[in-house]
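Okay, structure first, notes after.
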């Protein structure tokens, strides 16, 4: 992870490298147009596309029962997620932050992909057999795309099920439940629950020989930058795709909020599937309103021009 200094050539042209909510950023100037909701027209663009980039956010997982931590109900205990998901919060109170992430991990172990995740994964597999390409660029850290079967996957904000040692830097998959004995039964989200105040030495620790450093979730926190190599790969996909599909994103967290509008700016069709309009909606070719699990499967289903294999 490169901090502070990384800038891509085009996609992050305004230094939107750090993970930040839109309230801390200037708004993007968008062309004010009304996107189409004509599914037949989208399907025509879909049939012609050879390289599809699918960008997903929290909305695609909401139908799996995953808490989004947005809006008036977006609290864990009395804290908003953006106040817990920071390096400063972890430095001040690693026990509280680990309780929060332990809760999220335990919730996710009970969740399954919904029809939107499955439609994306099935489409990727089907198009691969036709010599076409579909990649998924997700802001989600829940791994539901991977669980659904997606393979060309960029988890740009990391994963709940990977840890990083604050001492040696080792990143490792971790699906333990609980992740450590001291967190067993902890992390309840209700506002009247008190912090467990777990001693730091009892929190998740690195198991590398001679290390035993404190582990942290391997996710990108607010104020941190995305991995430069990963962001460079994402940039290449977005610069070469000929169709972009945006699913369940709020378009308010940077740098991901810039991805689809800049694809649209080079004349590539962009289709948004969401429960509501976003700050970027008017820059897109298509907008399909409704639950992603309902609207997306027919949009990505086999087209009549596709060869059956």
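Positions of Cβ are set from backbone N, Cα and C atoms, glycine also.
Lifted from Swiss-Prot, the feature list:
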- 157: active site, proton acceptor (ACT_SITE)
- 57-76, 139-142, 248-250, 274-276, 292: NAD(+) binding site (BINDING)
- 101, 104: substrate binding site (BINDING)
- 165, 168, 206, 211: Zn(2+) binding site (BINDING)
- 36-306: domain 'Deacetylase sirtuin-type' (DOMAIN)
- 1-35: transit peptide (TRANSIT)
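Other C-beta atoms found within 10 angstroms of the C-beta of residue 168 (Zn(2+) binding site) number 12, with every protein chain shown included. Comparing CA positions across the binding-site residues 101, 104, 165, 206, 211, the one lying closest to residue 57 (NAD(+) binding site) turns out to be 104. One residue stands out among the binding-site residues 165, 211, 275 for having the most other Cβ atoms within 10 Å of its Cβ: 165. The binding-site residues shown are 65, 101, 104; of these, the one with its CA atom nearest the CA of residue 168 (Zn(2+) binding site) is 101. Cβ proximity to the Zn(2+) site centre (mean Cβ of 165, 168, 206, 211, cutoff 8 Å) flags the following additional same-chain residues: 166, 167, 169, 170, 205, 207, 208, 212, 213, 215. Compared over the binding-site residues 69, 101, the count of CB atoms lying within 10 A of a residue's CB peaks at 101. The binding-site residues in question are 57, 65, 248, and the one with the fewest Cβ neighbours inside 10 Å is 65.
Considering only the binding-site residues 101, 139, 248, residue 165 (Zn(2+) binding site) has 101 as its nearest partner by CA-CA distance. Its Cβ placed at the centre, residue 61 (NAD(+) binding site) has 27 other Cβ atoms within 10 Å. Distance between Cα atoms for residue 61 (NAD(+) binding site) and residue 101 (substrate binding site): 17 Å, as a whole number. For residue 206 (Zn(2+) binding site), the Cβ neighbour count at a 10 Å cut-off comes to 20, with all displayed protein chains included. For residue 104 (substrate binding site) paired with residue 69 (NAD(+) binding site), the C-alpha to C-alpha distance reads 11 Å.
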